[in-house]
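Report on the following structure.
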Amino acid sequence: MVSNQDYTERIRDLMKDHNSWMESSINLIASENITSSRVKEALISDLSHRYAEGLPGERLYEGCRYIDEIEEITIELSKKLFRAEHANVQPTSGVVANLACFFATADVGDPMMAMEVPYGGHISHAKVSAAGVRGFKIYTHPFDFENMNIDADAMKKKILEVKPRIILFGGSLFLFPHPVEEAVEAAEEVGARIMYDGAHVLGLIAGGYFQDPLREGADMLVGSTHKTFPGPQGGIILCREELADDIDEAVFPGLVSNHHLHHVAGLGIATAEMLEFGSEYAAQTIRNAKKLAENLNELGFNVLCEHLDFTESHQVVMDVSDIGRAAEISKKLEANNIILNKNLLPWDDVNRSDDPSGIRIGTQEITRRGMKESEMSEVAEYIKKVVIDGRNVKEEVSEFMSSYTKVHYAFEESGAYKYMEIL
């Protein structure tokens, strides 16, 4: 008979197995990353047990003497990194951050313009998720299929036509900067707020690359803190000072009771790391993405946007419909310790999420493990061996990845997937 303690040991063993698998894998999931040992230390601290409702200095609980200072430091570091007038670090996810901005700046029934999901928009921008929860009427940005981006001229005309309360940029399939500056004049004419969901590219923006939404005219920059930004899972809102009170009230008491204090501490540490190393990390992530795209293209894969040098972000996107089903290809690669995901492409029906045409790749985690352009040809070759040649390369991949076990772009190089055993 299995005892309750046996289950605790089983779960512990599974966590260790997971860490070992990740260490021996090429992880190309575009929405994930690895944190430094200092961030991990924060995540297992006593802060994970505590409550601190409200803002620093205005808590509803006692016992927040040190918690207040941690959050204040994290807020100030975030404002410095993003050159923002105001920062709220309490959202427990990127979707919660989005929803807080929706509640703070618009009402039920208001129109919002956003990317359609197959075009690259995140599900929280759609009626079935956070935007629908707020009761928005959703209008989609006109899309340029060839250039995989919003059609700026058509967008400006549509803004004047539908008069949205929020113009939302950003998405989860995100190769090139969005036309924020081009929207400003039309937004001012119709009284719209410009919101930028930087969840995927937040680390690139922090490093001074991709684009600078707050300088280009966005009122709000929001995102999750664990994709290209190598922090703990959570969300952040950066905005103009005039929106600060409404944003803070939308977060608490509006959407979040107690936020995750250990994640706030981890975010503060990760933000300090990005202030120190973010520029180098972001630049290398983009260089790796461009090189990997070039290598895959040379090997015969249909990598999108060759005419635009493939990408300006951490992402590489392939249409694999001419060689197989993306769902099957991603499973074959997973069996060979190459982890990525199938993805809808703009020409796919939104209901085909289980059987789309595309593969999405991200280079941020392998960059954090120390890879540079020279390794991208090997990564591309392993993908080809599995997908085109039908070979098993699991052992080769594991051996290859044994040289990349440390976290880079941090104050000390530590084991990327070391299991932090306490007992």
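For all residues, glycine too, the Cβ spot is worked out from N, Cα and C.
These figures come from a predicted structure and were not determined experimentally.
In Swiss-Prot this protein carries:
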- Gly121, His122, Ile123, Glu242: (6S)-5,6,7,8-tetrahydrofolate binding site (BINDING)
- His226: site 'Plays an important role in substrate specificity' (SITE)
- Lys227: N6-(pyridoxal phosphate)lysine (MOD_RES)
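Overlay of Swiss-Prot annotations on the structure.
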| residue | record | DSSP (3 states) |
| --- | --- | --- |
| Gly121 | (6S)-5,6,7,8-tetrahydrofolate binding site | coil |
| His226 | site 'Plays an important role in substrate specificity' | coil |
| Glu242 | (6S)-5,6,7,8-tetrahydrofolate binding site | helix |
As a whole number of Å, the Cα atom of Ile123 ((6S)-5,6,7,8-tetrahydrofolate binding site) is distant from the Cα atom of His226 (site 'Plays an important role in substrate specificity') by 18
Who sits close to Lys227 (N6-(pyridoxal phosphate)lysine): which same-chain residues at least 6 apart have their Cβ under 8 Å from its Cβ? Ala30, Ser31, Glu32, Asn33, Ala199, His200, Val201, Leu202, Gly203, Gly362, Gln364
Over all pairs within Gly121, His122, Ile123, Glu242, the annotated (6S)-5,6,7,8-tetrahydrofolate binders, what is the largest Cα to Cα distance, rounded to whole Å? 28
Ile123 ((6S)-5,6,7,8-tetrahydrofolate binding site): tally of other CB atoms within 10 A of its CB: 15
What whole-number Å value do you get for the CA-CA distance of Gly121 ((6S)-5,6,7,8-tetrahydrofolate binding site) and His226 (site 'Plays an important role in substrate specificity')? 18
Rank the binding-site residues Gly121, Glu242 by how many other Cβ atoms lie within 10 Å of each Cβ and give me the one with the fewest. Glu242
Test of understanding: give the count of other CB atoms lying within 10 angstroms of the CB of His226 (site 'Plays an important role in substrate specificity'). 27
Tell me the Cβ neighbour count for His122 ((6S)-5,6,7,8-tetrahydrofolate binding site), meaning other Cβ atoms within 10 Å of its Cβ, over all protein chains shown. 26
